[in-house]
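What Swiss-Prot records for this protein:
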| type | residues | note |
| --- | --- | --- |
| DOMAIN | 361-431 | domain 'J' |
| REGION | 512-539 | region 'Disordered' |
| REPEAT | 3-36 | repeat 'TPR 1' |
| REPEAT | 75-108 | repeat 'TPR 2' |
| REPEAT | 189-222 | repeat 'TPR 3' |
| REPEAT | 273-306 | repeat 'TPR 5' |
| REPEAT | 307-340 | repeat 'TPR 6' |
Amino acid sequence: MDHEECKTQGNNYFKQSQYMDAIRCYTQAIELSNGTIAAYYGNRAAAYLAICTKSSLQDSIKDSLKAIELERSFIKGYTRASKAYIHLAQYDQAASIIVRGLVFDPRNNELLQEKNQIDSIQRTISSLTKEKALSNPSSSLNQIENVLSQSKYNTQLQVLKARVLIELKQYPQASNLMTTLLQEDSRNPEYLYVRGLSLYYQNNFPLALQHFQNSLTYDPDYSESRVALKRLRSIESKKKEGNEYFQSKNYQAAYDSFTEALSIDPKLETMNSQLYSNRAAALVHLNRISEAINDCTSAVTIDPNYGKAYIRRAQCQMKQENYEDAVRDYEKAQSLDPENGELQRNIKEAKIAHKKSLRKDYYKILGVSKEAGETEIKKAYRKLALQYHPDKNNQLPEEEKAQAEKMFKDIGEAYSVLSDEKKKRQYDMGQDENGMPFDADMGGVDINSVFSQFFNQGGMGGGMGGGGFGGMGGGGFGGMGGGGFSGMGGGGGFGGMPFGFDMGGGGGYGGMGGGFGGHSGHSHGGSRSRSSRGGNEYR
């Protein structure tokens with residue numbers, strides 16, 4: 001095989017991007033031609049340039065200069081040497097070799113274009129100050145990458161690119177870039193600082209701390225590392241302090257410490273999402289549930305995959321009776337942690353609570369807690385039934401009267417369920433007596449019957465007997481159906497105004513196991529009357 005065939009074979013390898021094979025063939029061509037043909041050196045220089053390692057670029061420059069030496073008019077020798085110098089960030093040498101070519105051929109377009117390219121790169125680099133780049137990171141990153149595509153080993157731009165990547169929150173990319181630089185210069189304080197910064201924003205505090213400390217070891221005056229180290233330690237200290245206060249149940253102090261930690265570096269998102277979640281936990285114990293929800297929202301806004309914050313917010317939503325929101329948060333947490341069986345139970349509980357919330361809340365209607373016992377429920381019913389009974393509100397405007405009647409109906413429904421142990425248990429479980437979802441309407445309940453039975457049985461267990469209730473004449477209790485109040489005391493009339501209002505004079509109540517005459521019969525006889533002035537007045 002002669003040198004021309006070796007060159008042709010090398011060109012074929014070059015076209016296939018098999019540069020090492022191309023170099024081997026070009027080297028054979030050079031040897032077979034006794035190193036006298038400039039184009040062979042030029043071709044090998046192009047292959048070395050394409051590989052673009054630091055050493056291959058040096059080889060490309062060497063071959064390009066040899067080609068120029070053999071043939072001064074070999075223009076590609078000047079341009080390839082220039083490109084290799086540019087990749088090595090040796091811009092003065094690149095400009096110098098182009099000037100040499102222009103001396104030989106002042107109007108050569110390839111050389112003039114290369115000169116313009118060198119000038120453009122240098123202008124761009126001069127304009128890319130750190131302050132300008134960080135103030136407009138997206139645009140600056142495009143400019144930096146454009147220059148680095150032609151000037152691969154400009155370490156100044158590589159460091160600036162890493163800083164811009166950090167500003168754009170592309171922390172792993174920044175860390176990887178600085179790792180490459182540190183492999184060549186492990187004691188460079190700026191390299192150590194910038195990689196430490198990328199680790200810090202990835203919440204890798206121990207390794208970030210080590211980088212900042214090493215940076216200061218090699219340059220005690222490197223101020224950026226000193227500031228970063230102080231900031232890191234402050235955040236760690238305040239977070240630890242907040243956790244300790246929380247463990248000791250000093251929740252206000254914990255809240256204050258977490259708040260201070262959050263103020264140190266607003267850009268420290270991963271850590272801040274944890275701090276928001278921790279502060280939310282303190283707020284829950286301070287019974288500031290709405291604020292806790294806001295902090296959890298801040299946490300998941302920063303880190304949409306922060307499962308613990310979704311769970312904490314769901315728990316807060318349950319406390320606020322925002323059951324649909326709680327279900328959504330629990331389901332999001334489960335999607336992040338499918339193996340967590342507890343979350344499935346949480347979702348079920350939240351869905352049941354949501355179904356319950358669509359019914360009338362009988363506990364709220366009676367104004368009692370869910371832990372209220374029989375006595376408290378009866379007491380609440382007595383008070384509200386007397387307050388909202390239709391006979392008391394007969395003179396109200398129609399709208400208010402309708403509201404009072406609805407309230408009286410709801411009170412009766414509530415008492416009918418909560419006073420019955422079985423119904424109450426089913427209601428608490430979200431079921432009706434047939435095991436189906438509880439129907440809030442309770443349409444089958446006779447509210448007046450509930451009222452009548454309650455007071456017939458003595459309500460709170462002591463009965464209403466003893467004293468007569470005189471002065472109750474006038475029409476009866478509307479809607480109570482003739483029967484009246486049997487068994488409410490032996491023969492004593494109703495004295496005073498048991499419902500806090502005047503029933504007027506007139507006819508009595510028949511069929512109540514003792515006459516309820518207006519001012520006749522036993523209205524003042526038998527047991528002592530409980531008048532509206534008596535100490536045992538019912539209101």
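Here the Cβ of each residue, glycine as well, is placed from N, Cα and C on the backbone.
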Same-chain residues at least 6 beyond the ends of the repeat 'TPR 5' (273-306) whose Cβ lies under 8 Å from its Cβ atoms: 239, 242-243, 246, 249, 251-252, 254-255, 258-259, 261-262, 312-313, 315-317, 319-320, 336
Beyond the flanks of the repeat 'TPR 2' (75-108) by at least 6 residues, Cβ under 8 Å: 38, 41-42, 45-46, 48-49, 52, 54, 57-58, 60-61, 64-65, 67-68, 114-115, 117-118, 121-122, 150-156
Per-region confidence, the repeat 'TPR 5' (273-306) (mean pLDDT, whole number): 97
